[in-house]
Amino acid sequence: MLPPGFRNFLLLASSLLFAGLSAVPQSFSPSLRSWPGAACRLSRAESERRCRAPGQPPGAALCHGRGRCDCGVCICHVTEPGMFFGPLCECHEWVCETYDGSTCAGTCHCGRCKCDNSDGSGLVYGKFCECDDRECIDDETEEICGGHGKCYCGNCYCKAGWHGDKCEFQCDITPWESKRRCTSPDGKICSNRGTCVCGECTCHDVDPTGDWGDIHGDTCECDERDCRAVYDRYSDDFCSGHGQCNCGRCDCKAGWYGKKCEHPQSCTLSPEESIRKCQGSSDLPCSGRGKCECGKCTCYPPGDRRVYGKTCECDDRRCEDLDGVVCGGHGTCSCGRCICERGWFGKLCQHPRKCNMTEEQSKNLCESADGILCSGKGSCHCGKCICSAEEWYISGEFCDCDDRDCDKHDGLICTGNGICSCGNCECWDGWNGNACEIWLGSEYP
């Protein structure tokens, strides 16, 4: 018979052993067999359940397909060039996928990249630890993107009004003005072909030679690739060799037509006779407002009834101001000239003949910043400057603008496709370019 103290010791040891075994994981082998070689105390279904990844249904791969299941315990394979490990053989020392030629920018552990964020910043991340937002920290302010943007995978995306690799530069114009300057005629920012920075578009296309790229224009609206039958950036085969590429659209030579001047045109007139018929009394074919084909003019823009005539000599758009009001609302337009109602006069019928102010009041309103009446180039009527008719090129609120400063094309100011406003061309719908020489409408004759 055992002494009472020794019996108590055995009871304590047994309880400790039972508690310790109950805390051992299910896959711990010694608790599942009485001795090596003995029968498994688990059913086959229970044994396989313990060898499957959590959540996997019956019949799924055991031990991740990298080992065998022995009584609820995974015995992992050992293969070259490494080995599998982990309770369910889920880890492998070389299973990290490659990214940009390297296995992992951090430490490969159990098939996953462990990023180096020892400082706890969390700035290095990504499946391959390929993103390092420390690249976005401004050296001077030590802030992410200078505090003026957000960083994604090492690149700064600046708030409106800021630019630079780390958003360190501020624009000298408002975000709204920047957007307006970058908006192409079709309403898209940089025609969806570039990036807007402080009101200027940087087109995505850059010619390898450093010359003018295939995509260009103030708002990246021109794509020269559209002029080629088969695109090859090193080929000069524009417009099938029968025309000139103008902002991605082909202007065909006489005798050819088609989107890329690919079709020959039958015409009984010689090119000289055709142009002569299209000129009429103008110095330019179709008055510079249309396209001459076999002696007949097709006026620009197609379908716009404001431009008409046998040689497109009538342009009623000239009767409109910048807001589109015809003859100031005080007259009618006839072949590009305003016929004013009684009591009104001026090129656009913008001046009333009657005046309800004194001469002194009128002159005060006509003085320019330098104190000169109408800049010395016009007369004052009812507080409005009437610029000299002899100097046709003088315009502006105080006759301080010279329309000769506006760009020309084919000898015409603003190519006849816009209004010269104080030295800058304000193009009509469908036209673009410094001289309104580029047609960007949806239909092209």
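Cβ coordinates are placed from backbone N, Cα and C, and glycine is handled just like the others.
Note that TrEMBL annotation is computational and uncurated.
According to TrEMBL:
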SIGNAL    1-23  signal peptide
DOMAIN    46-90  domain 'Integrin beta epidermal growth factor-like'
DOMAIN    136-167  domain 'Epidermal growth factor-like'
DOMAIN    236-261  domain 'Epidermal growth factor-like'
DOMAIN    278-312  domain 'Epidermal growth factor-like'
DOMAIN    319-349  domain 'Epidermal growth factor-like'
DOMAIN    406-436  domain 'Epidermal growth factor-like'
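Segment contact is absent for the domain 'Epidermal growth factor-like' (406-436) and the domain 'Integrin beta epidermal growth factor-like' (46-90), given fewer than three CB pairs below 8 angstroms at sequence separation of 6 or more. The predicted model assigns the domain 'Epidermal growth factor-like' (136-167) a mean pLDDT of 85. In terms of DSSP secondary structure, the domain 'Epidermal growth factor-like' (136-167) contains 4 helix, 12 strand, 16 coil.
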